[in-house]
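Student: Structure incoming, see below.
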């Protein structure tokens, strides 16, 4: 009993330290745009609700359809951000996504950077998955999955993607949670072609929750995901051909982005990222030796991270129990990998 209390106390201290460290990070401050200034409806037009000031957009999923919007232009690198509030209650099978892609114009060699929010049954948390695909490399999925240290259904939280010629960084609020640095060995797997920005909500009953065991239950719908604080900071190009036409202007814009505070990975940011990953990451492709026996060139294997994961890349059961335990509560029941 004393040992368990020490573990719980240590977890509480670590969480408090992480919160203090996150608060110490400089807040991300970028110019936001109204929907009409940067985006256009994509599908499910009747399920897209815009606020009177055109700065908040709600996407609905009901029995008839999901919905989505996309940027009016494609971008060659940049910083893309939205504050999102997710649906609450029973959300199994529901997927909300905020991502960049050129799959609509380059089907077999497309690039993609994803935030995918995976719904769950009542009483279980939303999970967040990040993906990186370059040049159609979907067979070499670079997925990571996390639990969030807050309830994403009660208020808005900012999710951001920084994409430069040197690196990709995913942020939750002001905290970087994942960095993929470009290496020569990645070749075309590193996204390099212009992409549009998308936001969608859709029915993914076949895989999103426990491998398809739990499906969307429309008695709990409509499922509403709201987006605000929309930020599009990058070099606009009309299409992939426009990359060549605008190369000089885009190079100058990216040089400015690389020199900005957004792209500088300070020691404080590195430490905050390490803490977030230690406390919230439940799957990483870098540690999935069953699926990928040969390591990926960009994987920076951290020994303190590696020993927490099984060969499947999923968090070991002992660490899940420790993470889910709260002062004065019973240890959580064992959780299957599919539930995470």
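Backbone N, Cα and C atoms are what each Cβ position is placed from, and that goes for glycine too.
So TrEMBL lists the following for this protein:
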- 1-22: signal peptide (SIGNAL)
- 26-227: domain 'GH16' (DOMAIN)
- 112: active site, nucleophile (ACT_SITE)
- 116: active site, proton donor (ACT_SITE)
- 320-340: region 'Disordered' (REGION)
- 328-340: compositional bias 'Low complexity' (COMPBIAS)
Student: When the pLDDT values for the domain 'GH16' (26-227) are averaged, what is the result?
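Tutor: Here the mean pLDDT over the domain 'GH16' (26-227) amounts to 95.
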Student: For residue 112 (active site, nucleophile), list the number of other Cβ atoms lying within 10 Å of its Cβ atom.
Tutor: 19
Student: Excluding near sequence neighbours, so keeping only residues 6 or more apart in the same chain, what lies with its CB under 8 A of the residue listed as 'active site, proton donor'?
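Tutor: Spatial neighbours, sequence-distant, of the residue listed as 'active site, proton donor': 95, 96, 97, 99, 128, 129, 130, 131.
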